[in-house]
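Here the structure comes first, spelled out in structure tokens, and everything after it is commentary.
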Amino acid sequence: MLCRSNDELELLISQARAFAGQGEVAQYIPALAAAHKHELSVALYYPDGKGFMAGDTEENFTLQSISKVLSLALALIDQGEECVFTRVGKEPTGDPFNSIAKLETNKPSKPLNPMINAGALAVTHMIKGNTAGERFERLLDFIRCLTGNETITYNKEIAKSEFETAHLNRALVYFMKEHGVIDEDVEELMDLYTKQCAIEMNCIDLARVGCVLAMDGCDPDTGKQLLPIDVARICKTFMVTCGMYNASGEFAINVGIPAKSGVSGGIMGAVPKKCGIGICGPSLDEKGNSIAGIKLLEMMAKRYSLSMF
């Protein structure tokens, strides 16, 4: 039996929030450093179109690495599975999400998977469009379709902040350009990617996207197929194997659902055939995941038997 009460969620939120003090908000992106570490919110979205929520669920936050799932979905639709995976691998890595190490040591020199920064940059490179601006608008329209929210946009301040400080990501792009993975202007790709990471939504929007994935690409409100079934399957698989950075294995054991986190404190979950989950808690653990958000999901997994394993 899944949660059917906002009060139930409020109780779980109050218990999980106590762990927020053990983490810190992201400091390396100046515009994210101003977040309040004890904030925590959650929303559930069900296949019948109903939703339940607790905390500041209408407060917007930036997707950051959660956007990697959505850019992957669009790139797969645009280019097909074979093309995408000639440039990006399918294997997890125990390295930090922004590491360059495996790019240098693996042959051929392509990113191990789409959920690390190098892989996400290569994936964003594959989104179709004549200009970086056109490609971003296509991605934005795609995300608006998945959320059912036409007002979704991006945070210009955070995009600018990330663009100005993305020195390591630029190094990744230059390295991949040298090895033929990427063949576009570095600054154009960085502009597109930082805007992608700065796309904003609230927990309800995020839970709805999670529900679309949970229902194999089907819109929970209209029944329309928004994503090809195989695209939804591939995205969920990467969420299980790589979605929680280099804590993905531990998360699979303790929670057991496809999920993707971001350094703004967001987590998107997709409980297959049951519901989508959207969480935001800016206080992060040492792996870059929302510390209270993970505790909340662990509590929910036990209480509602969410694990798919």
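Each residue, glycine too, has its Cβ placed from N, Cα and C.
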Which of Y193, Y304 belongs with S65, N117, E162, N169, Y245, V263 in the substrate site listed by Swiss-Prot: Y193
Count of other CB atoms lying within 10 Å of the CB belonging to N117 (substrate binding site): 22
